[in-house]
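Novice: Here it is, the structure, as C-alpha cells.
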Amino acid sequence: MKGNDTLLLHLFYTLLLFLGVRSSSSAGNGSNDVTNRKEVYIVYMGAADSTNASFRNDHAQVLNSVLRRNENALVRNYKHGFSGFAARLSKEEANSIAQKPGVVSVFPDPILKLHTTRSWDFLKSQTRVNIDTKPNTLSGSSFSSSDVILGVLDTGIWPEAASFSDKGFGPVPSRWKGTCMTSKDFNSSCCNRKIIGARFYPNPEEKTARDFNGHGTHVSSTAVGVPVSGASFYGLAAGTARGGSPESRLAVYKVCGAFGSCPGSAILAGFDDAIHDGVDILSLSLGGFGGTKTDLTTDPIAIGAFHSVQRGILVVCAAGNDGEPFTVLNDAPWILTVAASTIDRDLQSDVVLGNNQVVKGRAINFSPLLNSPDYPMIYAESAARANISNITDARQCHPDSLDPKKVIGKIVVCDGKNDIYYSTDEKIVIVKALGGIGLVHITDQSGSVAFYYVDFPVTEVKSKHGDAILQYINSTSHPVGTILATVTIPDYKPAPRVGYFSSRGPSLITSNVLKPDIAAPGVNILAAWFGNDTSEVPKGRKPSLYRILSGTSMATPHVSGLACSVKRKNPTWSASAIKSAIMTSAIQNDNLKGPITTDSGLIATPYDYGAGAITTSEPLQPGLVYETNNVDYLNYLCYNGLNITMIKVISGTVPENFNCPKDSSSDLISSINYPSIAVNFTGKADAVVSRTVTNVDEEDETVYFPVVEAPSEVIVTLFPYNLEFTTSIKKQSYNITFRPKTSLKKDLFGSITWSNDKYMVRIPFVLTK
C-alpha cells in the first residue's frame with residue numbers, strides 16, 4: 001500500500017472509531033462532556049506474577065473501584081507476559097485508576113499504523129568473509145522443518161497462499177501452547193504444520209484471522225514462506241519466492257484491521273498471547289507516527305517488547321516510513337529496529353521520444369500504449385488554461401490549472417521537481433479527468449520505489465533525466481513519444497541504497513543509543529498476497545497472488561526471518577546474542593564496492609542504516625557477541641529517570657541489592673552492553689565507555705585484535721589492546737576512550753572491529769555534539 005493511501009485509510013478508520021465512540025457516548029449520557037465520554041484506555045500494571053492465579057480478580061477490583069455497579073467496561077485482560085487490562089473509561093475514571101497502587105500507567109488506546117523475491121538471492125551475494133555454515137539445504141519439495149516459531153503481529157493471514165504449505169514439515173512442536181481461532185471464513189484446517197497458530201482480536205467489522213489487507217500475508221511469506229517457483233507480479237520480478245527461514249513455523253496474531261489501523265490494546269493482547277504460546281521471535285511491521293518522543297511506559301510496542309525480551313523472545317520492529325532525521329520509531333534498546341534498503345533489481349518504465357531517445361523512468365504500470373513513439377506529448381506549462389495566475393501550478397499539474405482542450409489525447413509531462421503539495425496519484429486523477437492518455441512525472445520524491453499505477457501509462461522520471469524530455473519537446477512543434485510498460489532490470493547497481501522513506505536517527509528517547517540498528521531489503525519486494533483482491537487488477541487479467549510493496553514493513557521480515565535461521569543454528573542463544581550477531585556482521589559497502597549511499601546519492605551514515613546492511617551467513621557464526629542482559633535494561637530505565645519502585649513493578653523481579661545509581665543520568669546509557677556505541681559530548685572533554693564480548697566460536701583458544709576507524713577530529717583508544725579467550729575465559733571486557741581534539745561541530749561516526757584469522761566483529765559508534 002502506498003504511503004498516502006495508508007495515511008488516508010488510517011485517518012478514515014480513526015474518524016470512524018471516534019464517531020462510533022462519540023455516538024454511543026452521546027446516546028448514553030445525553031452529553032458531549034469530554035470528562036464523561038467513554039473511550040478505551042489501557043491500564044498497565046507491570047510484570048505478571050507467575051505465582052498469582054487471580055489476575056482477573058485483581059483487574060476487576062481495580063476497575064470496579066471506579067465504576068458503577070454492574071457496568072461492563074472491560075475490553076480485555078493481559079495476564080501472561082505482563083499484567084493489565086483495557087477498558088472503556090471516562091477521563092476522570094482513568095485518572096482515578098492511575099493513582100492506584102501497582103498501576104504503572106493509564107493511557108488512551110492509541111491507533112498505530114502499518115509501515116508499508118529476489119531479495120534473499122541478493123542478500124546471499126552480499127558477504128564479507130566466506131564461512132562454512134553447514135546449513136540444512138532444501139532438497140526438492142521436502143526439507144527438514146524447524147521447531148523455531150515466528151510470531152507475526154499484523155493484519156492476519158491468507159492461509160491458502162502456496163507460501164504457507166506444510167509439505168515436508170514434521171509434527172507441531174510439543175511445547176507449542178497456542179491455538180487456531182476459527183470463524184465462518186477460517187476453519188481449523190486453515191492452520192497446519194506450517195501455520196501452527198492464528199489468533200485475532202476482533203473489532204466490529206472483522207472477527208477472523210483471515211487477512212483482507214494483504215500486508216500480513218506479504219510480511220509473513222517474506223520471513224518464513226516456503227519456496228514457490230514461478231512467482232511474479234503479472235510477469236514482473238519473476239522467480240522463486242521464498243522466505244528467509246522457510247523451515248520455521250508461523251504463528252499469526254491479527255492486531256490490525258483491513259484499513260491498516262492497529263489499536264494498541266490489540267497489540268498488547270498479541271504480545272501477551274505470543275509470550276504464553278511459546279514463540280521464539282516476534283516480527284512487527286507497524287508502529288506510531290514519527291517525530292514524537294516515545295514514553296516507554298505508555299508505548300504498547302515498547303511495553304510488550306520489554307516483557308517478551310525478558311522471556312528470551314527477540315522482537316524485530318520497523319523503524320518507520322517518515323524518512324527524516326529524528327523520526328525513527330520502535331527505538332527502545334530491547335527492540336531490533338530495522339531500516340529499509342534496496343536490492344539489485346529495478347522496475348523501469350521508460351519514455352521513448354520521437355527522436356528515438358530513451359529516457360529512464362521508474363514505475364509499475366501495464367501500459368497499453370504501443371512501443372513506437374507515436375503519441376502526442378505536451379509539457380504541462382504549455383497546457384495552462386487561459387488567464388492562469390500562477391504558471392507554476394500548470395507546470396506542476398495542479399488542480400484547475402490545465403486546459404482540457406490542450407490535454408485531451410496527449411501524454412502530459414508534469415514538472416514536479418519542487419512540488420510538495422500533490423503526489424503522482426493525484427496528478428493522474430487530474431490528467432485522466434481532462435482526457436490525457438498518459439503522465440510523465442518529473443520528480444525525485446519517490447527515490448528507488450516503483451509505485452503501482454495499474455494499466456494507466458504513468459512513469460516517474462528523475463529531474464536529471466527529465467531535462468532531456470523537456471529539451472526534446474522544446475525542439476519540435478509536434479512532440480511525440482510513448483510510455484513503455486514496466487520491465488524488470490536485474491543486476492542493478494548500486495545496491496543496496498537506503499530508501500528515501502526509511503525513518504532516520506537519532507532517537508528522540510535518547511541520543512545515547514544508536515537507532516536504527518540495521519538495514520534490510522524493503523524496496524520493491526515481491527511476496528504473497530491475499531486472494532480475490534480485485535481492487536487494482538489490470539484490464540483482462542485475474543487478481544495476482546503476489547504483490548510488490550515497499551516500506552520498512554518489508555524490511556522487518558527479512559530480519560526476523562534471518563533471526564529465525566540464527567536461532568535454529570544456535571538454539572540456546574539469548575535474544576540479545578542473536579541481535580548482536582546480525583548487527584556485528586553487517587556490511588557497509590554496495591555491489592560496486594563503494595560505501596552504501598542513500599536514495600539521494602549521499603554517503604549513508606549509522607543514522608540511516610545503523611550497523612549496516614544485513615548479511616545471511618555471517619550471523620550464524622559471528623565469533624563474538626555483545627549480550628545486553630536484564631540488568632542493562634534495568635539500568636537503562638534508571639538512567640531514563642524511572643525510580644526503583646516503579647522499575648520493580650515493571651520488571652517483576654530485580655537482582656538482589658540492585659538499585660538505581662544516585663548519579664543516574666542519560667549519559668550513563670552509553671555504557672549498557674549494546675552492539676553499537678553512542679556518546680553525547682555536551683559539556684564533556686572526553687568519555688569512557690565499556691563493552692563486554694562473549695566468545696561463541698567452537699574454538700576456545702583465540703586472540704582478537706582491534707581495528708579502529710575514527711574521524712580525524714577525535715582520538716579513540718582501547719584498553720586492553722587485545723582480547724584473549726581460553727577454555728576457561730569466555731568473556732572479555734574492554735574500555736573505549738573518546739577524546740575530541742576540539743569541541744564537536746557536528747556528529748561524528750566511526751567503528752571498532754575486533755578480528756582474528758576467522759571473524760570480523762564490527763560495531764559502529766556515533767559521537768553527538
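Placement of Cβ uses the backbone N, Cα and C atoms for every residue, glycine included.
Pasting the relevant annotations from TrEMBL:
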- 1-23: signal peptide (SIGNAL)
- 40-115: domain 'Inhibitor I9' (DOMAIN)
- D154: active site, charge relay system (ACT_SITE)
- H215: active site, charge relay system (ACT_SITE)
- S553: active site, charge relay system (ACT_SITE)
- 672-766: domain 'Subtilisin-like protease fibronectin type-III' (DOMAIN)
Novice: Among all protein chains shown, how many Cβ atoms are found within 10 Å of the Cβ of S553 (active site, charge relay system), not counting that one?
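Specialist: For S553 (active site, charge relay system), the count of other Cβ atoms within 10 Å is 32.
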Novice: Including all protein chains displayed, how many Cβ atoms other than that of D154 (active site, charge relay system) lie within 10 Å of its Cβ?
Specialist: 29
Novice: Please report the Cα separation of D154 (active site, charge relay system) and H215 (active site, charge relay system) in Å, rounded to an integer.
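Specialist: Counting only the Cα atoms, the answer is 7 Å.
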Novice: If you draw a 10 Å sphere on the Cβ of H215 (active site, charge relay system), how many other Cβ atoms land inside?
Specialist: 28
Novice: Could you measure between S553 (active site, charge relay system) and H215 (active site, charge relay system) for me? Cα positions, answer in whole angstrom.
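Specialist: About 8 Å separates the two Cα atoms.
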Novice: Along the domain 'Subtilisin-like protease fibronectin type-III' (672-766), what average pLDDT does this model show?
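Specialist: Mean pLDDT for the domain 'Subtilisin-like protease fibronectin type-III' (672-766): 95.
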